[in-house]
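**Student:** Next up is a structure, given as structure tokens.
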Amino acid sequence: MSYTQKIYESTLEKLGTWDCFVSRSCFLSKFFAPPFCLSAAGVYSTKLKLENQCSYTVWPRVVSGNGTRPVATTTTLTLEPGESASIFIPASWFGQLWARTRCSYDFTGRFTCLTGDCDNRSAKCDSAQTVPPVTVAEFNISGNAGLDFYGVSAPRGYNLAMLVVPQSDGEANCMATACVNGPNGGCPYETRGSCNTTCFAFGDPKNCCNGGYVPRGVCKPSEYSLYFGSRCPWAPSYVYDENDGKKKNRAFACSMADYLITFCPHPSLATG
């Protein structure tokens, strides 16, 4: 179960009523760069607008979760610095989004990237898992009671800053979430490679919360996970991070919204 699926269930228990969402403070920004739209025939409920504010090219990828309709994009999406694109996703959809960096075709014809690569070494990344380290945005669109659940997740490490801003015409005050003040330049030496988490850097059950460390309460955050958490307080940094009652609520929800996802946003745009 992905992080977004878990917060989808746990947050509904905490909320109880819709009022819990509409009373939250709002962080909204307006961006006017004209998008390059990718769409196909069918019913679409939500637009994801992707903006690249990095000083380098990124290759975004959206992958649908099992049991949901795939996103209707058939081309490899590439965003040069300053470019944007819009992707229209189906109703009742959940999936993940991330950005690959420093990509090229190798001498064998495989498409490879320095960070955020796909395990099938494909430019399209169809139904593939991403290779850590990578910063991931997760969405569950039109879930229970018509709510969207979303978050930025870092249990698989960090490769660039990411900001998710809901843009809603409804009455709900929807919060932005981000991992903006990332660990670049201060990443613990043992986890470097952009910034890997301890699970992917070391691979042992204690850091991956598997084997004998599966039960909640047995798996504890390492000093490295705490470091990640201090740099990106809105993004979970290990499997049970969102269950730590001392930390800020990482579960976000909105209704009838489109979403602006910015790669490498200015740190001043962070929500926390």
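Quick reminder: no glycine exception, Cβ is built from N, Cα and C everywhere.
Straight from TrEMBL, here's the annotation block:
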DISULFID  C54-C264  disulfide bond
DISULFID  C103-C113  disulfide bond
DISULFID  C118-C125  disulfide bond
DISULFID  C174-C254  disulfide bond
DISULFID  C179-C232  disulfide bond
DISULFID  C187-C195  disulfide bond
DISULFID  C199-C208  disulfide bond
DISULFID  C209-C219  disulfide bond
**Student:** Rounded to the nearest angstrom, how far is the Cα of C264 (disulfide bond) from the Cα of C174 (disulfide bond)?
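**Tutor:** Cα to Cα, C174 (disulfide bond) and C264 (disulfide bond) are separated by 21 Å.
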**Student:** Taking just the CA atoms, what is the gap between C118 (disulfide bond) and C264 (disulfide bond) in Å?
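**Tutor:** Cα-Cα distance, C118 (disulfide bond) to C264 (disulfide bond): 21 Å.
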**Student:** Validating a neighbour-count step here. Other CB atoms within 10 A of the CB of C103 (disulfide bond): how many?
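**Tutor:** Around the Cβ of C103 (disulfide bond), 18 other Cβ atoms lie within 10 Å.
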**Student:** Which one, from the disulfide-bonded residues C54, C125, C179, C254, has the smallest tally of other C-beta atoms lying within 10 Å of its C-beta?
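**Tutor:** Across C54, C125, C179, C254, these disulfide-bonded residues, the one with fewest Cβ atoms within 10 Å is C54.
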**Student:** Between C113 (disulfide bond) and C179 (disulfide bond), how many Å separate their Cα atoms?
**Tutor:** 21
**Student:** DSSP on C174 (disulfide bond), three-state: which is it?
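**Tutor:** In three-state terms, C174 (disulfide bond) counts as coil.
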**Student:** Translate the DSSP assignment of C54 (disulfide bond) into the three-state scheme.
**Tutor:** coil
**Student:** Check the DSSP secondary structure of C103 (disulfide bond), expressed as helix, strand or coil.
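**Tutor:** The residue in question, C103 (disulfide bond), is strand (DSSP, three-state).
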**Student:** Where's the emptiest Cβ shell within 10 Å among the disulfide-bonded residues C113, C118, C174, C264?
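**Tutor:** Minimum Cβ neighbour count within 10 Å, taken over the disulfide-bonded residues C113, C118, C174, C264, occurs at C264.
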**Student:** Just to verify a number: CA distance, C125 (disulfide bond) to C103 (disulfide bond), in angstrom, no decimals.
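**Tutor:** About 13 Å separate the Cα atoms of these two residues.
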**Student:** Roughly how many Å lie between the Cα atoms of C254 (disulfide bond) and C179 (disulfide bond), rounded to a whole value?
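**Tutor:** Here the two Cα atoms are 19 Å apart.
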